Amino acid sequence: MDQLRLEPVSRVNGVVNIPGSKSISNRALLLATLASGETTLVNLLDSDDIRHMLNALKSLGVNFTLSDDKTVCTLNGLGGPIQTDKAFELFLGNAGTAMRPLCAALTLGTGEFTLTGEPRMEERPIGDLVDALRQLGADIRYLKNDGFPPLTINATGLAGGVVEIDGSLSSQFLTALLMVAPLAKGAVTIAVKGELVSKPYIDITLDLMAKFGVTVVNDNYQRFEIASGQHYVSPGKVLVEGDASSASYFLAAGAIGGGEVKVTGVGRLAVQGDVKFADALAAMGADIEWGEDYIIARGSKLHGIDMDMNHIPDAAMTIATAALFAEGTTRMSNIYNWRIKETDRLAAMATELRKVGAKVEEGHDYIQITPPVKPVHAEIDTYNDHRMAMCFSLLAFADCGVTINDPGCTSKTFPDYFNRFANLAKPD
């Protein structure tokens with residue numbers, strides 16, 4: 001197993017241009033495919049998850065070109081659903097942002113499609129989405145366990161109608177439904193049951209759908225109405241914002257490390273909800289400065305907070321490790337959906353924080369962290385989860401440093417993360 005030892009770092013300083021957002025990249029690729037016209041995506045994320053989406057689209061006959069650095073993609077839209085008389089098997093790794101939207105989109109046209117993934121993907125629920133698609137007339141069957149991939153779709157189109165979906169588990173299910181609804185044969189009304197998690201991710205979806213010319217009536221995130229007869233039309237060019245979740249590690253480093261870190265590519269005007277991570281850091285005592293397309297974090301004495309993190313579920317993980325450098329206890333609540341991500345992030349985070357000496361209380365949907373007087377060096381298991389690896393890089397600010405097991409798992413969203421981190425760090 002590969003390991004990376006991060007030696008103690010006293011402070012950080014510098015500027016980081018954040019790679020494109022994973023959430024926006026994969027949504028935009030799918031909408032560009034369904035749209036009429038040619039779309040150029042600029043600042044596309046080059047990572048495993050995006051590669052899985054691109055490979056699937058290529059297999060399905062979608063034509064696109066990539067720049068040498070794979071951050072600019074020009075794609076010729078199909079002007080509607082994918083229509084084929086062939087059977088396809090598509091391997092989607094552990095990319096939820098490819099599995100869920102593709103599962104929905106492939107029901108719109110014709111063909112037989114089998115969607116598979118890594119073993120962890122077979123543990124990530126998709127049943128709520130499949131149930132909703134079946135309400136609209138989709139023919140989908142599970143190949144192993146009910147409610148989980150792999151699955152096979154026999155596509156004949158979606159009829160339209162009223163559909164209910166549980167919003168309390170993952171916003172990706174609602175995102176997938178919203179993106180396909182305009183291309184159903186009839187009008188679609190989506191009623192959301194339960195409290196909608198990760199609401200800002202729905203804002204990303206609605207923003208992109210509007211850019212591609214589709215109208216959605218949003219009734220307070222509890223009911224969405226999508227008229228029939230709509231079509232996606234390419235806006236020509238889509239600029240992908242920097243990934244706000246990826247920005248969180250560098251902002252936390254600035255807050256902990258006593259220097260100044262500026263992240264560019266994401267700022268006050270960002271559509272991503274995870275930019276509000278900077279507000280959580282400010283609540284801990286960090287000095288935060290906002291620009292339209294940048295955020296600056298400066299070091300300060302941090303203190304624990306008690307906060308509902310439902311609105312920033314991915315970036316909230318970074319608060320868990322930043323809490324090791326804060327005075328007092330930090331409690332984060334309303335984060336049950338950590339449990340159905342790349343790994344059970346609540347259990348994994350609790351386990352690894354205890355290794356470095358923290359006192360941790362893990363609940364059904366919360367975590368409470370009391371930092372040790374002095375963290376101890378530990379080998380951190382990353383569970384093939386990119387965010388675990390990046391979060392625990394912050395332990396480099398402890399006198400003991402840290403060892404990250406399987407650091408290459410950051411390839412899911414940020415392949416050169418540790419190089420970027422090292423460029424900011426000033427060793428002791």
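Start at 1 and count along the chain as shown; that gives each residue its number.
Just so it is clear, glycine is given a Cβ too, placed from its N, Cα and C backbone atoms.
Keep in mind that this is a model prediction, so the values were computed, not measured.
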From Q3, Q83, Q172, Q368, the one annotated by Swiss-Prot with K22, G96, R124, R345, R387, K412 for phosphoenolpyruvate: Q172
Binding residues K22, S23, R27, S170, S171, Q172, S198, D314, N337, K341 (3-phosphoshikimate) - maximum C-alpha distance in whole Å: 20
Neighbour count (Cβ, 10 Å) for Q172 (phosphoenolpyruvate binding site): 26
CB-centroid shell, 8 A cutoff, phosphoenolpyruvate site K22, G96, R124, Q172, R345, R387, K412, site residues removed: D49, N94, A95, T97, D314, K341, E342
D314 (active site, proton acceptor) as reference: those binding-site residues from S171, S198, R387 with C-alpha within 10 Å of it: S198, R387
K22, R27, S171, S198, N337 screened against K412 (phosphoenolpyruvate binding site), Cα within 10 Å - retained binding-site residues: K22
Listed binding-site residues K22, R27, S198, filtered to Cα within 10 Å of R124 (phosphoenolpyruvate binding site): none
Between S171 (3-phosphoshikimate binding site) and G96 (phosphoenolpyruvate binding site), the C-alpha gap once rounded to whole angstrom: 11
